[in-house]
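A.B. asks: Feature annotation from Swiss-Prot assigns Mn(2+) 1 binding site to HIS9, ASP13, ASP75. As annotated by Swiss-Prot, Mn(2+) 2 binding site applies to ASP15, ASP75, HIS97, ASP149, with the evidence given as sequence analysis.
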Amino acid sequence: MSTVLVFGHKNPDTDTITSALAYAELKKKLGMDAEAVRLGEVNGETQYALDHFRVKAPRLIESVKGEAEEVILVDHNEFQQSADGIEDVRILEVIDHHRIANFQTADPLYYRAEPVGCTATILLKLYKEHGVEIAADMAGLMLSAIISDSLLFKSPTCTDEDIKAAKELAEIAGVDAETYGLEMLKAGADLSQKTIEELISLDAKEFAMGDYRVEIAQVNTVDANDVLNRKAEVEAAIANTVAAKNLDLFVFAITNILTNDSEAIVVGPKPELFEQAFNVTLQNGLATLPGVVSRKKQIVPFLTEAATK
């Protein structure tokens, strides 16, 4: 039997990388020949977590074609966010906490989706359900995922289940969640060495919304001006992406982890979708979104509603 690859979405974030590692570890303990892989570069926040808990990043692959016959998806399900060649392999399982869209399979599968803030919260349940002890390093990585997705428990996506899971994982990992979490988020918020192309692709996801193709990228920072001072360059790079992918809209959210607000740079032929979704008027392609920190809960649903009216 060939190795089953376990991976998250393209432009991987901390939940995608660490959940792939943690779930592959669980599947191996249950007797499956599983390997965690990644579909993109590791960002600064995730690298901080990997270094802290002394775990190597998963192997990078460009496509699943020729790599595996069977795969497991974590932290995503939409095919446009998944590996190239995903249509040509058998999906055995999906473990996710996002909406279900643009997803179909030829065979039955195990699909676990829960309305929680992080895939790692679901993985903790799976470890318990199978009676498998979580190693300290895996617990630390899973904690890192919850901290990342919840912005240290401040995001509206964060549930009581996520907070409870984080406390349990922090105890196993031997760290203080608040202290460790703030340092990890700060590591991810350092954008000083990032190129413009890296900024707009670090955490970018493409969505099918009605008849429209929309990409939403997000970066965390402690000062939005670190990005806004380069706005013209950012807009030019986004325009190239819009043209190359034939997108209708590209939203680049710059989220301040200290104030919990976002600035949005909007580019594309359908800016009115954004204006309708958030009841704002763009000023030179820019809008302030007070209290908005979550792409999943505070951006995607409103844009989807506007796009399907």
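Cβ atoms here come from the backbone N, Cα and C positions, even for glycine.
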A.B. asks: Given the binding-site residues HIS9, ASP13, ASP75, which lie within 10 A of ASP149 (Mn(2+) 2 binding site) by CA-CA distance?
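C.D. replies: So the list is ASP13.
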A.B. asks: Within a 10 Å radius of its Cβ, which of these binding-site residues (ASP13, ASP15, ASP75) has the fewest neighbouring Cβ atoms?
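C.D. replies: Ranked by other Cβ atoms within 10 Å, the binding-site residues ASP13, ASP15, ASP75 bottom out at ASP13.
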A.B. asks: For HIS9 (Mn(2+) 1 binding site), list the number of other Cβ atoms lying within 10 Å of its Cβ atom.
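C.D. replies: A count of 27.
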A.B. asks: Excluding ASP15, ASP75, HIS97, ASP149, which residues of the same chain place their Cβ within 8 Å of the centroid of the Cβ atoms of the recorded Mn(2+) 2 site?
C.D. replies: GLY8, ASP13, THR16, SER19, ASP96, HIS98, GLY117, CYS118, THR119, ALA120, ALA145
A.B. asks: Would you list the other residues of this chain near Mn(2+) 1 - those whose C-beta lies within 8 angstroms of the C-beta centroid of HIS9, ASP13, ASP75 - in sequence order?
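C.D. replies: Those within range, site residues removed, are GLY8, ASN11, PRO12, ASP15, THR16, ILE17, SER19, VAL74, HIS76, GLN81, THR119.
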A.B. asks: Checking the contact step here: among the binding-site residues HIS9, ASP13, ASP75, which have a Cα within 10 Å of the Cα of HIS97 (Mn(2+) 2 binding site)?
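C.D. replies: So the list is ASP75.
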A.B. asks: By a simple count, how many Cβ atoms lie within 10 Å of the Cβ of HIS97 (Mn(2+) 2 binding site), its own Cβ left out?
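C.D. replies: Other Cβ atoms within 10 Å of HIS97 (Mn(2+) 2 binding site): 25.
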A.B. asks: At the level of the C-alpha atoms, what whole-angstrom distance separates ASP75 (Mn(2+) 1 binding site) and ASP15 (Mn(2+) 2 binding site)?
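C.D. replies: If we compare the Cα positions of ASP75 (Mn(2+) 1 binding site) and ASP15 (Mn(2+) 2 binding site), the gap is 7 Å.
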A.B. asks: Would you count the other CB atoms within 10 A of the CB of ASP149 (Mn(2+) 2 binding site), including those on all shown protein chains?
C.D. replies: 26
A.B. asks: Take the C-alpha atoms of ASP15 (Mn(2+) 2 binding site) and HIS9 (Mn(2+) 1 binding site) and report the distance between them in angstrom, rounded.
C.D. replies: 10
A.B. asks: Using DSSP with the three-state reduction, classify ASP13 (Mn(2+) 1 binding site) as helix, strand or coil.
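C.D. replies: The residue in question, ASP13 (Mn(2+) 1 binding site), is coil (DSSP, three-state).
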A.B. asks: Could you tell me which three-state DSSP class HIS97 (Mn(2+) 2 binding site) falls into?
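C.D. replies: SS state of HIS97 (Mn(2+) 2 binding site) = coil.
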